[in-house]
There are 2 protein chains.
Amino acid sequence: MKTLKIAVAGLGTVGAGLVKLLSDNAEIIALRAGRRIEVVAVSARDRSRDRGVAIPASVAWYDDAAKMADEAECDVVVEVIGGSDGIARQVVENAIAKGRHVVTANKALLAHHGAALARAAEDKGVLLAFEAAVAGGIPIIKALKEGLAGNVISQVTGILNGTCNYILTTMRETGRDFADVLGEAQALGYAEADPSFDIDGIDAAHKLSILTSLAFGTPVDFASVHVEGIRHVSADDIRFADLLGYRIKLLGIARMTDHGIEQRVHPCMVPVKTPIATVDGVFNAVVAEGNFVGRSIYEGRGAGAGPTASAVAGDIIDIARGSRVPAFGVPAAALKAQGVASIDRRVGAYYMRLSVVDRPGVLAEVAATLRDEGVSVEQMIQPARSPADSVPMVMTLHDTEEAAMNRAVARISALDAVLEQPRIIRIEAL
Amino acid sequence: MKTLKIAVAGLGTVGAGLVKLLSDNAEIIALRAGRRIEVVAVSARDRSRDRGVAIPASVAWYDDAAKMADEAECDVVVEVIGGSDGIARQVVENAIAKGRHVVTANKALLAHHGAALARAAEDKGVLLAFEAAVAGGIPIIKALKEGLAGNVISQVTGILNGTCNYILTTMRETGRDFADVLGEAQALGYAEADPSFDIDGIDAAHKLSILTSLAFGTPVDFASVHVEGIRHVSADDIRFADLLGYRIKLLGIARMTDHGIEQRVHPCMVPVKTPIATVDGVFNAVVAEGNFVGRSIYEGRGAGAGPTASAVAGDIIDIARGSRVPAFGVPAAALKAQGVASIDRRVGAYYMRLSVVDRPGVLAEVAATLRDEGVSVEQMIQPARSPADSVPMVMTLHDTEEAAMNRAVARISALDAVLEQPRIIRIEAL
């Protein structure tokens, strides 16, 4: 069969990793794909930079990636530039317009324009593939689109951001503060100079919105994701979680509920015995729940040159083999929006940490407020009295509707004896 | 597109589960597959049995499954009868001969005839798919063949038999003996009346030989798997494992080594902190290691109507979508046998439990024997002296070659003070 010709837009860590993979593993890939796969064009600003990989002289260089997508003699354009708009979007749109398949690792692009791009690709009869956009090397996109395709999916949950998981893991292992660990992660290259995309949960929300679309057959709806990051998770919270038998993880949760689809990203306490609780460091994990398969769990490295290149290569091999699976698992025209379930409808347990004046009667006030809102206490930790002016008061609360919890928290925070805004972390049983 | 017509050979738990799945989830499957999927023929001995699922009157019944595979007007034959030869094999061969795609859950058949059947299917231009044959609902076959296809795989390891994992988990949780827990598992239907296929490791070895072929591009070579079951794992071993920080799991391990491919199934001690250590009960898990993706881990239910039907349905949907991936990931003619690495070459740590006479000097004798064979002790547990005639002596041994370990064990078992055959369990770091 004819060689499959690839153009790579972006020669950063991932792009260079892909070129290396396609070269190192060329023989086995040709055998598996049924044809040779060859990089024929690349685009990057600086041609002289050492990328740790040799670009053969026969490869066409383009300064302008969009132009390459438009003009290069290729079957597939790989977009590993990133960003929801600008050049990355232009590359993908140009490639599709010219009838070339697209493989991308770009979650932001898909979160914002996924449904439209899927439609455009379908109209042109080309594939839009993006295994690398979610959970790095773990083939979770393929699992949802193909392996589990016989199931009605009810829920997908995941640790989708390696930076956050690394920070939370390190905070727990060292007892250090968020700001301190973030600084170290930045120094080590695990977090960006501007870390907000990661630590404010936006990156995880991008990925979650893609999983949601695949799981439920809906157009990607990033705007409906409820997003909270990990900035407010304190060393105290992590310590108390340990005492209570939980781990704190930033989870993305997508659920089909009676009120529509719930999509949320926020720090969660998960029981230490659930498999996802021990997924540490830069690892990602996804839990999918189907009506016949039950629960299945996928773990692996969520980022980095190797895992991401592996995912891109898997998509390229699918194309070489003649795959015809639509971008989101069903024809783009069949993607059907569903109602959005507000997070106010969430029913579940909660962790609450208060900072209170150390005097008699405070617990009674707090307890009365919770009772008035129908919130009942499961466990409480009040450390021994201290010479300080304030003491922490920590409790876990039985299953409650979020709206009731919010009312209780508003009233509790208004109590004179409560010194700071209460810290709430949702408990997810999984 | 034209409806895809299915004939189901075998209406036991899995066959009935598949019919139910294809009916319950028909709408979403049609959307995902791009066409309707319809069961047009079934074969089972007893037509009147209540299987908890309605078989429409339009479905053709066959008493003889092989005849159905030969004659029924269908595109795909699903074989869920089981057994490495006999009727199951006849069904698959007839279906292929008639140019029908085959989906099977039959690991024994594939372990014994996988390479030949793959060749026959390819010659006829039909697919042979078997996601359900390994690890139930976990799409691990697809992950190895497609998702991770860009990688050179160096190792695949798994908890591949739910019955054994259930027994080992229950032994640990209750402190009860193997025989006792096996009896209970049989009563609960988790173990067969003749449990030997499961507990002697044969079922896990069937599955491992399939994973090996996929991982390394070799013809299935069941005969080369070193197989030990769990009959000899005692309540004592499980208790000592706990004390030493390990869990005992029956693992299947396939590794590319300098001496060829190593395939082995046997009880292992795995450090309690490795993700696979906490995969309990009837769950299965597979760990795959690729040269770019690194380590990825897959967990889920390993058996039962729902998970197995989910896997079969995934394969059917692939066929409906026009997949052309070869049975073992590369063309059958390209499957290439590699050398076989003997387990004698294994280098790793060991657990050893002795039953010794309670008198001074025994430890010195054992230690001297180990030293003479170049085996060094890492940890030792000798419980307080007891009034009994014998006491257990437990030690873990640093990385040693299996052949040296065997020599040491032979000499130790010949010592007068050693009362029973030493119990050895390999420690796998994973």
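Quick reminder: no glycine exception, Cβ is built from N, Cα and C everywhere.
According to TrEMBL, the protein carries these features:
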- A:Ala9, A:Gly10, A:Leu11, A:Gly12, A:Thr13, A:Val14, A:Gly15, A:Ala16: NADP(+) binding site (BINDING)
- A:Lys107: NADPH binding site (BINDING)
- A:Glu192: L-homoserine binding site (BINDING)
- A:Lys207: active site, proton donor (ACT_SITE)
- A:351-426: domain 'ACT' (DOMAIN)
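Recorded features from TrEMBL, shown on the structure.
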residue  : record                    : Cβ neighbours (10 Å)
A:Ala9   : NADP(+) binding site      : 30
A:Gly10  : NADP(+) binding site      : 25
A:Leu11  : NADP(+) binding site      : 25
A:Gly12  : NADP(+) binding site      : 14
A:Thr13  : NADP(+) binding site      : 18
A:Gly15  : NADP(+) binding site      : 27
A:Ala16  : NADP(+) binding site      : 23
A:Lys107 : NADPH binding site        : 26
A:Glu192 : L-homoserine binding site : 14
A:Lys207 : active site, proton donor : 26
Request  = Please work out the number of neighbouring Cβ atoms within 10 Å of the Cβ of A:Val14 (NADP(+) binding site), leaving out its own Cβ.
outcome  = 26
Request  = Specify all same-chain residues, apart from the site residues A:Ala9, A:Gly10, A:Leu11, A:Gly12, A:Thr13, A:Val14, A:Gly15, A:Ala16, whose Cβ lies within 8 angstroms of the center of the Cβ atoms of the NADP(+) site, ordered by sequence.
outcome  = A:Val8, A:Gly17, A:Leu18, A:Ala44, A:Arg51, A:Val80, A:Ile81
Message = On a C-alpha basis, identify the one among A:Lys107, A:Glu192, A:Lys207 that is nearest to A:Thr13 (NADP(+) binding site); the candidates are the recorded positions.
response = A:Glu192
Note = Summed over the domain 'ACT' (A:351-426), the DSSP helix, strand and coil counts are 23 helix, 29 strand, 24 coil
Request  = Work out the three-state DSSP category of A:Ala16 (NADP(+) binding site).
outcome  = helix
Query = A:Gly12 (NADP(+) binding site) to A:Glu192 (L-homoserine binding site): how many Å between their Cα atoms?
reply = 15
Ask   = Between A:Gly10 (NADP(+) binding site) and the residue listed as 'NADPH binding site', how far is it from one CA atom to the other, in Å?
value = 15
Query = What does DSSP assign A:Lys207 (active site, proton donor), in three states?
reply = helix
Ask   = Expressed to the nearest Å, what is the distance separating A:Lys207 (active site, proton donor) and A:Val14 (NADP(+) binding site) at their Cα atoms?
value = 18
